[in-house]
Structures are given as structure tokens and as C-alpha cells.
């Protein structure tokens with residue numbers, strides 16, 4: 001509810017909105033940057049029930065908030081509540097970053113795709129996306145951001161498989177002819193010849209079932225990445241690495257997607273480095 005929000009302060013406020021939100025690493029992440037750059041700002045967790053979302057969002061700009069991150073289950077809902085929605089957020093169908101303008105208007109953006117690509121480029125600097133097809137496992141909200149960013153980066157073909165095929169078909173309908181849909185039972189086959197492979201599901205996360213996709217078709221030249229970062233080295237990445245592939249864990253996507261929002265809210269472009277990784281994992 002609105003009356004649980006922090007009292008306005010002279011220092012700018014930002015936070016993460018979700019339900020639940022106690023698990024979020026965003027306060028630790030942004031807190032590290034605020035301390036590192038000596039910024040007199042605050043970043044807080046905001047547990048907001050879905051039925052209170054609109055009320056809270058409209059109140060926040062008047063309480064000293066300059067913006068917010070958005071997590072489950074509000075990433076789709078905020079699009080209808082924002083005054084301005086970026087093209088990429090509209091295409092993906094979700095927003096993870098809100099900017100509260102001085103005139104009270106709410107701008108919604110999605111930086112997940114940016115974070116995904118920036119993570120790969122930081123940890124696999126020789127990656128060339130247009131060398132061959134990309135294969136994406138999963139078709140949920142995170143997958144949509146990955147698909148958009150890979151196509152924008154120039155992959156010549158994007159293969160996708162999802163347990164519910166209709167969701168993959170929806171992505172093909174919205175993102176165009178470069179998207180090729182595979183049946184879930186054929187997910188292993190779509191890895192043949194792929195130069196980039198992404199697990200965009202929650203499978204393999206601690207407490208979740210493992211990702212059961214055959215990896216025999218992986219070539220050692222393939223870059224393999226996983227959006228899951230608990231654990232950092234998922235069984236999927238471990239097997240790919242054992243097959244000679246270069247692998248990139250999912251933590252960096254979380255870190256990089258946060259940077260554009262932090263810069264807009266606090267006026268400092270933050271650095272994503274090993275110190276930040278250690279702070280977020282502590």
C-alpha cells in the first residue's frame with residue numbers, strides 16, 4: 001500500500017517493485033553502486049500486491065522516487081499504466097525499468113535484452129552473432145527479450161523450441177521470418193550448426209527440474225549461455241563446457257540490465273565488474 005512507502009527525502013529514491021520481492025538481489029546491486037560512487041541516494045524493496053500496483057505507481061513520483069525496477073508479476077501490467085512505452089518494451093510485451101519524469105509521467109522501458117547482449121560481450125568478447133544461427137530454449141517473457149536482442153544483433157536465423165509450441169509460434173508471428181519453430185521433442189536437433197545457444201527457461205535453477213535437452217549436436221565453436229544464475233554453473237552449462245563450448249553464466253545479464261536505469265536515476269553510468277559480482281553473490 002502507499003502508506004508503507006518510505007518518507008520523501010532530499011536524496012533521490014529508486015526501488016524494485018514485485019510480489020513477492022524479498023528474494024530480489026537488486027537492492028544489494030544498486031546499493032553497491034550507490035556506495036561505490038558516493039551517491040546520496042536510496043534503493044529499496046517495494047512489495048506491492050497486484051491490486052495496489054496502479055495506486056502505488058501514481059504515488060511514487062510525488063514521494064521522491066525517480067524510478068523503479070519491476071519484477072514478477074508486474075512486468076506486463078506496468079505497460080498499461082505507463083504514459084510512455086519504448087518500442088522495445090512494447091515489442092517484448094514487458095517492462096523492467098520505470099523512469100518517473102519531473103512532470104509526473106511514467107516512462108517504461110525493457111533493458112533485459114541489453115543486459116543479455118552486454119553480458120555475452122563482456123565474457124565472450126570474440127562472439128560474432130552473425131556467423132550462424134542462434135537457438136533459444138524457452139518462449140516466456142525472458143525469451144522474448146533474448147529473441148529481440150539476438151535479431152537486433154544480426155543473427156541470420158533464430159531457432160526456438162518451447163514445451164508449449166503455441167508460445168513459440170507467437171514469437172515467430174511477432175518477430176518475423178528469421179524465427180524458425182521446433183517441436184520440444186526436437187529441441188536437441190535445433191542445436192546442430194547453431195553458433196549461439198541460450199537456455200531462457202527456469203529449468204536447471206536450484207529447486208527446479210533440470211533442463212533435459214540432448215546436447216550431442218553442440219559444436220565446440222558454439223557459445224552457450226544460460227539465463228539461470230543460481231547456480232552459476234548450471235548442469236546445462238557444465239555439459240556444454242565439457243563438450244568444448246565457451247559458456248557464459250546468467251548473473252551478468254542481471255547486472256548489466258540494471259546499469260541503464262541506475263544511470264537515468266542517479267546520473268552515473270555504473271561499471272559491471274568482479275567487485276559487483278562478489279557483492280551481489282555475498
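Yeah, the Cβs are placed from backbone N, Cα and C, and that goes for glycine too.
Listed by Swiss-Prot as binding shikimate are 24, 25, 26, 96, 112, 229; the candidate from 71, 86, 222 that the record includes in that site is 71. Of all residue pairs in the shikimate-binding list (24, 25, 26, 71, 96, 112, 229), the one with the greatest Cα separation is 18 Å apart. Take the CB of residue 229 (shikimate binding site) and look out to 10 A: across all protein chains shown you find 20 other CB atoms. The residues near the shikimate site, meaning same-chain residues not in 24, 25, 26, 71, 96, 112, 229 whose C-beta sits within 8 angstroms of the mean position of the site's C-beta atoms, are 16, 69, 254, 257, 258, in sequence order. Counting in whole angstrom, residue 71 (shikimate binding site) lies 22 from residue 162 (NADP(+) binding site) by their C-alpha atoms. Neighbour counts were taken as the number of other C-beta atoms within 10 angstroms of each residue's C-beta; across the binding-site residues 24, 71, 162, 164, the minimum falls on 164.
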